[in-house]
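S.K.: Got a structure for you, questions after.
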C-alpha cells in the first residue's frame with residue numbers, strides 16, 4: 001500500500017488500523033469473511049477503469065472483449081457450482097438482487113410471504129422500514145415458539161389464507177436446514193412463485209453441505225461474500241424462462257454499468273469454490289459451529305433452537321441477566337467481534353435485543369479449529385458473566401491475543 005501512503009496518509013492510516021483490528025480480533029460476525037489475496041488482487045485490478053454497460057458480447061461500449069471473458073467465466077462457474085439455468089452476476093448487492101426479482105415477479109401491492117425479521121429473516125424480506133415492506137404487502141411467517149424452528153404446516157396455512165404471489169425462503173439468522181422442497185410444494189399449491197435468498201448459506205450449498213435450492217426455486221438470490229468468500233456483491237440465479245426479464249431488470253432497470261473489477265473478483269472466488277479445498281473449508285466451518293454451540297451450551301448459554309446445522313447461531317444472553325447490546329460491547333472490548341441480534345419472540349427492541357448472532361466462516365478461513373472454538377466459548381462465557389469486571393476482561397484480552405497470534409491474517 002505504498003502508493004496510498006504516499007498519496008493519502010489519512011486513508012492509509014485508517015486502512016492500516018482496520019487491518020490491525022481484523023488481525024488482532026476474533027471475527028464472529030456470521031456475515032463476514034476474509035477473501036483470498038487473489039480475490040483482493042482482482043478487485044484492485046485495472047478492470048476498475050472499464051465501463052461495460054450491457055452484457056457479454058452485447059455491450060453499449062467498445063473495448064469490452066476482455067471484460068466479457070471475465071463475466072462469462074463468472075457465470076459459467078456459477079452454473080457449474082449450482083446447476084443453474086441462468087445467472088446474472090451484475091447486482092451490486094444482495095438487496096439489489098432481491099429488488100430485481102421482486103420487480104420481475106410482482107406488481108406493487110402484491111402479497112408476499114417471507115420470514116419475520118425478528119425470527120431470523122432479512123430486512124429485504126418485508127421490513128416496514130425497507131423498500132420491500134413499502135412496495136409490497138408482506139405477510140410474515142416465523143418459527144415455532146417451542147422448537148424455534150420453521151413450522152412448515154403454519155407456512156402452508158398462511159399461504160392458503162393469504163394467497164401470496166411470491167414466497168421467500170431464506171434467512172439471515174436461522175441455524176437449521178431449510179426444506180426448499182417443502183417450500184416449493186407450498187408455493188405450487190397456492191400458485192405462488194418461489195424465491196430463495198441463500199445469501200448466508202451459498203458456500204455451504206456449493207460444497208454440498210446444505211440442500212441446493214436451485215432445482216426447486218424460480219429465483220435464487222445471494223450475496224457473493226459471507227460463506228461464498230468472495231467480494232461484496234450480489235447475484236441472481238433463475239429459470240431460463242425468467243432470464244431476459246431478470247437481465248433487463250438489472251440493466252437498464254435498476255443499475256447502470258456493472259463493476260467489472262468486482263465481477264473479476266467474483267469469478268476468482270467462484271473458481272476457488274469449485275476446488276476440493278473449498279469443500280474441506282466448508283466442512284470445517286460447520287464442525288467449528290457445532291463445536292462452538294455445544295461448548296457455549298455447556299457454559300450455560302442457550303442457543304436458539306438448541307444448536308446449529310450450518311455456520312451461524314443466535315445466543316440468548318438473558319440467562320446471564322444482560323442484553324445483546326451489553327454483550328456485544330463487552331465482547332468487543334476484549335477483541336471478539338459479534339453483533340447484537342433479536343431472537344424469536346424477543347421482548348427487547350432491535351437496538352437492545354436479548355441475543356447476539358455469531359458465526360464461524362471468518363475464523364475458519366484463518367485456520368481456527370475445534371480446540372480454538374472451545375477456548376473461545378470459555379472466553380465468551382467468562383466475559384458475559386462479568387461484563388464490567390476489568391480483571392476478567394484483561395485476562396480475556398490476553399487469551400484472545402494468544403489465539404489470533406497463532407493464525408496471523410494474510411501472512
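Numbers here mean position along the shown chain, with the first residue as 1.
Glycine residues also receive a Cβ, built from the backbone N, Cα and C atoms like all the rest.
What Swiss-Prot records for 117, 121, 122, 123, 241, 349, 350, 351 is (6S)-5,6,7,8-tetrahydrofolate binding site, and it gives sequence analysis as the kind of evidence. For 225, the entry in Swiss-Prot reads site 'Plays an important role in substrate specificity', with the evidence type sequence analysis. Positions annotated as N6-(pyridoxal phosphate)lysine by Swiss-Prot: 226.
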S.K.: What number of additional C-beta atoms lies within 10 angstroms of the C-beta atom of residue 225 (site 'Plays an important role in substrate specificity')?
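M.R.: I count 26 other Cβ atoms within 10 Å of it.
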S.K.: Which secondary structure state does DSSP assign to residue 241 ((6S)-5,6,7,8-tetrahydrofolate binding site), in the simple three-class scheme?
M.R.: helix
S.K.: Where residue 241 ((6S)-5,6,7,8-tetrahydrofolate binding site) and residue 225 (site 'Plays an important role in substrate specificity') are concerned, what is their Cα separation in Å, rounded?
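M.R.: Residue 241 ((6S)-5,6,7,8-tetrahydrofolate binding site) to residue 225 (site 'Plays an important role in substrate specificity'), Cα-Cα distance: 27 Å.
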S.K.: Over all pairs within 117, 121, 122, 123, 241, 349, 350, 351, the annotated (6S)-5,6,7,8-tetrahydrofolate binders, what is the largest Cα to Cα distance, rounded to whole Å?
M.R.: 42
S.K.: Of all the recorded positions here, 122, 226, which one's CB has the most other CB atoms within 10 A?
M.R.: 226
S.K.: Quick check on the binding-site residues 117, 123: which one has the highest count of other Cβ atoms within 10 Å of its Cβ?
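M.R.: Answer returned by the neighbour count: 117.
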S.K.: Please report the distance from the Cα of residue 117 ((6S)-5,6,7,8-tetrahydrofolate binding site) to the Cα of residue 226 (N6-(pyridoxal phosphate)lysine), rounded to the nearest angstrom.
M.R.: 19
S.K.: Report, as a single number, how many Cβ atoms besides its own are within 10 Å of the Cβ of residue 121 ((6S)-5,6,7,8-tetrahydrofolate binding site).
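M.R.: Result for residue 121 ((6S)-5,6,7,8-tetrahydrofolate binding site): 24 neighbouring Cβ atoms inside 10 Å.
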S.K.: Quick one: pull the CA-CA distance for residue 349 ((6S)-5,6,7,8-tetrahydrofolate binding site) versus the residue listed as 'N6-(pyridoxal phosphate)lysine', whole Å only.
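M.R.: About 26 Å separate the Cα atoms of these two residues.
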S.K.: To the nearest Å, how far is the Cα of residue 123 ((6S)-5,6,7,8-tetrahydrofolate binding site) from the Cα of residue 226 (N6-(pyridoxal phosphate)lysine)?
M.R.: 16
S.K.: How many whole Å apart are the CA atoms of residue 350 ((6S)-5,6,7,8-tetrahydrofolate binding site) and residue 226 (N6-(pyridoxal phosphate)lysine)?
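M.R.: Distance (Cα to Cα, whole Å): 22 Å.
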